[in-house]
């Protein structure tokens, strides 16, 4: 391993390893080297890493970061990925949160293409957020960090609901849903779409309850007509009986769409697409394939 890849600099640190910019000495190509430390030889490779490897080996698409090589030693696992210049969060920070409408549309198209490809192959990403979307020098956007990804088959298995960084977590997951499918990723896509427009996270909650409250303030307190499955989740009774959830919060999104200048970048079609991604009822959210057919993608900016 050491002979083929020369580490150049540390570029990131995840929950179970360090990422380096490195050079493939045999080809002189710059790569990203994810080095995963194995806690003990008996424990072996972390299941998150095995999951990522098995998923990425199957996923070959222009909008998904490519796994080039896997090297395994007694106490270390190295995953070699194509190298990408930066992630979407850094890209937005560099632009001071001011992305132009054409860039937002192109990134959104790429994001949905990558998600559609995953979902067609029965893979949930489950942790879509700007730091997990990588941008190449040519401004191509690709999905990365499938550590939480899970092949879902028939989406009725019990999954852990502790997935997706809080700000991108759907209301059904916040209420403890463990039987979810592709709509959990679609909610995250909607949050990212809004963030690209306004230059800041749409729902920057401090905890689960605060997160849900921010969603209610933006979209309005849902009724059982708007969200039929609302009372069926494990935490529904506990969470929704809190005093702050008893008041009827009027939706502020209409007002914000009209008065927040950043939303004008999306145009009426973009706002309509955003609404269709951020639906309370999971089954009412557009699929990635449906979203790609939305008129927003025919608008010329």
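Yeah, the Cβs are placed from backbone N, Cα and C, and that goes for glycine too.
A quick note: this is a predicted structure, and the numbers were derived from the prediction, not measured.
What Swiss-Prot lists as active site, proton acceptor is 127.
DSSP assigns residue 19 (ATP binding site) to a strand. Within its own chain, residue 19 (ATP binding site) has 10, 11, 12, 13, 32, 33, 34, 35 as residues 6 or more apart in sequence whose C-beta sits under 8 angstroms from its own. Among the features that Swiss-Prot reports, ATP binding site is placed at 11, 12, 13, 14, 15, 16, 17, 18, 19, 34, with the record citing sequence analysis.
As annotated by Swiss-Prot, domain 'Protein kinase' applies to 5-297, with the evidence given as sequence analysis.
Annotation source Swiss-Prot lists phosphoserine at 15.
Look at Swiss-Prot and you will find 16 tagged as phosphotyrosine, backed by similarity to another entry.
Swiss-Prot lists 160 with the feature phosphothreonine, giving similarity to another entry as the kind of evidence.
For residue 17 (ATP binding site), the same-chain residues 6+ apart in sequence whose C-beta sits under 8 angstroms from its C-beta are 34, 35, 36, 37, 49, 77. Cβ contacts within 10 Å of residue 13 (ATP binding site), excluding its own Cβ and spanning all protein chains shown: 9. Computed over the domain 'Protein kinase' (5-297), the whole-number mean pLDDT of the model equals 88.
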